[in-house]
Each structure stands twice: as structure tokens, then as C-alpha cells.
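J.: Starting off with a structure, shown below.
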């Protein structure tokens, strides 16, 4: 097997550096092409209050339905880039650089302990396809792999050299724990190693550091109220039974979903990207083969035995504790799996006396797959502006919710929309459509447009314009945007202009009815319509009426028989569609109406009784005047 000494001068060394620079450079180049949803927006608000108002948080991001909070370390880390520049982009660039540097740090440790061939294969596997999209976001899981890389690098050096600096490993482990609790099983493994090999793991510096950490956490538990909250919410009767732990651990379907997760997250992207799925399947197969080979060939290496021990402990504890996990829970263990897989592949090459040129060619081929996958993900997300992810595939065991999707907008898309709307002088209340409701729900209602002026007319006395937001090829299904040229196009989102049709929703002149009540930090309750929905408008010619709903439960809104039209007659059949997003169900419906003889006012009303739905409505004159529908 290649020695650490040869690793310093081998070609593998320079190829690995090239891999890290290129893949790390992609994170910086596409820094704003990253997911930016309610968690990120909430955390950025906390970090900005820390910087500008000196509002020092005592708790970190909430967990388990806000029943518990982490220590506040993540918020202080998130605030540091804002000292350089108070923008989200500063966070994205700094976090992307930190991730790349952590990969470099672990690569150096692997080169030192296992040789440059192993380190090269690790470098290729270190940037997982899907997770790399958010390792430079403002989300707390973004830093999980970063600190896990550092912890693993320090740990394998400790095992290999039998020397402990005393401070770095405990501090890195503490920071990892404050970023996400998925690190707890690894910390238990580190504690186990300290007990077994206490001479190498524990010295005066290490003991002093651990004592300081325990003291700091104890103070936090008391001062933040976390200890009291834990005590008050603890329920012995609700504690998991031994049978429950064993059932979760032995759930074969759950294990299958965990093993397939690197592929499933790519499979969850809709519409499907077959080439990207093929790349993800190939990389998963490569890592799986490496893990099996490592299991067979790594027993004689003390460092690999310990990495396997901590990895196995992590899986056993996580699978036994979690009723249902999610894709981001696996981020903390990815560096450990990448190292084990790299060791198995390179050890096999050594046994068969594989030439260095052939080994490097193999690594470069795998790198080409990784690079192609990353470029495809980034360019498509930048071009489209968002991914719709099938929620069922993102959890283990999988959810029995085949229609539910999670809309994930890129920060680049949201900012481009804001700049585009500002350049057109479009304010928030002028926006309508299902796309407006979806974006509002996934961004904590952060405004896209500015605040509207009080005047309802322009300086020329003309009716103020309304604007309809649509995503994708809306004109294929609905007539509202057909034959209309968009005023603004950003990614796959488009904004169309229409004159104010003087809509009245339940007697109030408005185009949007929204609730201001929040169910939790990321979800607004839908508006309560006690008397159902009644839309009144002036119809003097053929008119298209488009109405979007965000509802808290399923209603037969797409059933035309549930709607009553007075003062007008339909010109085309009722059109509708629906989508499940983040626990809400969205409906998009459309009528094309012609005025009834002798009537200038038309009314569309539901017969469904009370509704729990946000509503966004708009109308425009029809370009065509087709004959009335039979």
C-alpha cells in the first residue's frame, strides 16, 4: 500500500488538489444558487439582530416541532460573515469556502494516515451531489459536513499518531453538536474511544477542555431554560419502549431507504432528470462497492477499524432513535463513509498491484461523473429557479404521500424576481396567482415587491395594473396567459400585466385574501372564510377569471358543480389543477365568462360552506371571444 511519504510527491496529490479546487470553486461561483426557505430566512433574521441590535441569542435553531433548541453556536457562526458584508451572499461564499477547506483538511489527514491514492478517491467522493447544493446555504445542516470533516481528520490523526493536541478535537466536536444533533452518536463513539484508549485520547489539555465544555453547556442549560423545558416535557410513559427501539432498528424498509438516499434525493426532483439520476446511481454503486471492500480488507488497519466502529454506532443509534429521519440527517456521516469507501477501493487496487496511472485514471473518471452531476444540478437550478422535490423520497422510511412536494427556490431566483419587480415599479399588493402564494409560503411572506402607494390610480387617471405570476408553461393548461407576452421573465417564472378588474372578494375590494396568523415559525394559517367565497366583478365583454387557493385541507374546489356563476355565462369548460406543497393543498381554477344580457356585474360563488383558504384572484378581458360552452 502507498505510504504517507510517497503521498507527498505523487501525481495523486496534485490531482486531488485539482478536484478540491474545482468542486470547491463551483460552490463559490454558484454561491447564490442554493436553497433559501423559511429556516434560512429565520436564521438570517436572528444573525442580523445579533449584529445590529446586539440581541445575543441563548438558543440555537428549534428541533422536534420547536419543543427543544440547540445551543446558540450556529447563530454566532452565521453572524460572522455578516461582519464582512451584510448580505446573504457573504454567508454563502464564506460557508462554501469553509466546506472546501474542510475537505482539504481531511484530505491532508487521509494522505498522512492512508496514502495519497486513498486521499484522492476520498476527494472525489467528498462533494455529494445533492448536499453540495446547500452546504453553502444559510441553513444549519450546511455546516454539518464541514465540521464532520474536521472532526474525522483530527480523529484519524489521533488514532494513527497516538498523539492528542488536547483542544482542537473537543472544540470541533462541540461546534458540530451545536450545528445539528445528528452528531450525537459520533460524539458517543468518540467518548468510547477515549475510554478504551485513554492514554492517547486524554491528557491534561484534553481534560481541561472537556471540563470547560461541560461547564459551558451546564450554564447554557440553566440560563436558556432548556433544562427546565426538558424536565417539564419529559414523560416517562411516553418514553420509547425497548420493543419500539428494536422495531425501529430492525425495520428493513427503513434501512433500504437509508442506503438508497443519495439516489432518492436526485430521484425526488420533478420533472425527472434521467442523466442526473444515472450519475447518482453510478456514484452510489461506486461508494457501496468501496464500503464492502473496506469491510473485507480493513480489519488489519487500526484506524479503519475505529472509523468503522463509530460509523456502525452512528447507524445503530440513529436508526433506533429516529421514528423517521430525513436526507440531511445523513450529512454528518457522509465523510466517514467516503473515507471507508476510498480505503476499500484503493486497498483493492494495491492488492492487485494496480499501476498508479491506472488508479489515477479511475479517479479522474469518477471525478468527471461528479463534475458533470454538479454542473447539471447548478445550471438547471439557476435556469429554472426552483426544484419541486417529492417529499416521500426525502425521508426514511419513505412517506406515504405520493403527491406531496417541497418547493425549493434558489436564492438567485428570489433576488432576481425582487430586482425585476422593482425595475418595473411593481409593488407587493399588485401581485396575484398561485406562484405568489407558493413563494409567500416558503419565504415566511418575505415581500417580493415593495410597499404599494395608497393611490389606486396612475397620474393619468387610468386603473392601476395588476400582475399575475406563473411558473413554467402556464399557457398549455390555462387561457389567462395564452397569447400574452410576459412583462418579466426570471428563470421559469413569468409576470404578466392585466388592468385592474375591480374585483370584490366577499364584498371587499381586493385581489388577495391572506391570514396574518402563524401556526409556527414557518407556516401561516390559511384565511378563514366563514361564508365561503364570493367574487364579484364587472363583466362587459368576454373575461377570463383566474383564482388560486392555498387551503389547510382538501376541498372539492375542482368540481365545477360546487360553483355558481350569476350574471354571466361560461364560454369554455371550467379549468383547474392542484398541487400539494408543504402540507398545504393549492388549487388553480379558471373561468372564461361572457356578460349575460342586461347585466354588468357578475358573481362567482362557492357552495362549499366555510373555507380555510388563502385566495388570490385576477381577471382580464379575453383576446378571443369563443362561443358559449354547451
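Note: Cβ is positioned from N, Cα and C throughout, glycine not excepted.
The feature transmembrane segment is assigned by TrEMBL to 12-30, 89-107, 119-139, 167-195, 207-228, 275-297, 304-321, 327-345, 357-378. The domain 'Glycosyltransferase RgtA/B/C/D-like' annotation in TrEMBL covers 71-218.
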J.: So what's near the transmembrane segment (119-139) in sequence-distant terms, Cβ-Cβ under 8 Å and 6+ beyond its ends?
T.: 7, 12-13, 15-16, 19-20, 23-24, 26-28, 31, 33-37, 39-40, 43-44, 47, 78, 88, 91-93, 95-96, 99, 103, 106-108, 110-111, 145-146, 149, 262, 265-266, 276, 279-280, 283, 286-287, 290, 327-328, 331, 334-335, 338-339, 341-342, 345-346, 359-360, 363, 366-367, 370, 373-374, 377-378, 381, 411
J.: Can you tell me which recorded stretch out of 12-30, 167-195, 275-297, 327-345, 357-378 has the most Cβ pairs within less than 8 Å of the transmembrane segment (89-107)?
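T.: Ranked by Cβ pairs under 8 Å, first place goes to 12-30.
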J.: Under 8 Å between C-beta atoms and at least six residues away from its ends: which parts of the chain pack against the transmembrane segment (327-345)?
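T.: 106, 110, 114, 118-122, 125-126, 128, 130-131, 141, 144-145, 148-149, 152, 156, 176, 180, 182-183, 186, 258, 261, 264-265, 286-298, 301, 304, 307-308, 310-311, 314-315, 318, 394-395.
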J.: Average the pLDDT scores across the domain 'Glycosyltransferase RgtA/B/C/D-like' (71-218) and report the rounded value.
T.: 91
J.: Report the listed stretch (167-195, 275-297, 357-378) having the maximum count of Cβ pairs within less than 8 Å of the transmembrane segment (304-321).
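T.: Counting Cβ pairs under 8 Å, the winner is 167-195.
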J.: Which numbers of helix, strand and coil residues does DSSP report for the domain 'Glycosyltransferase RgtA/B/C/D-like' (71-218)?
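T.: Here the numbers are 121 helix, 0 strand, 27 coil.
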J.: For the transmembrane segment (357-378), give me same-chain residues lying six or more residues beyond its boundaries with a C-beta closer than 8 angstroms to one of its C-beta atoms, as numbers and ranges.
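T.: Here the qualifying positions are 11-12, 15, 19, 22-23, 26, 30, 33, 117, 120-121, 124-125, 127, 129-130, 132-133, 273, 275-276, 279-280, 282-283, 286, 346, 349.
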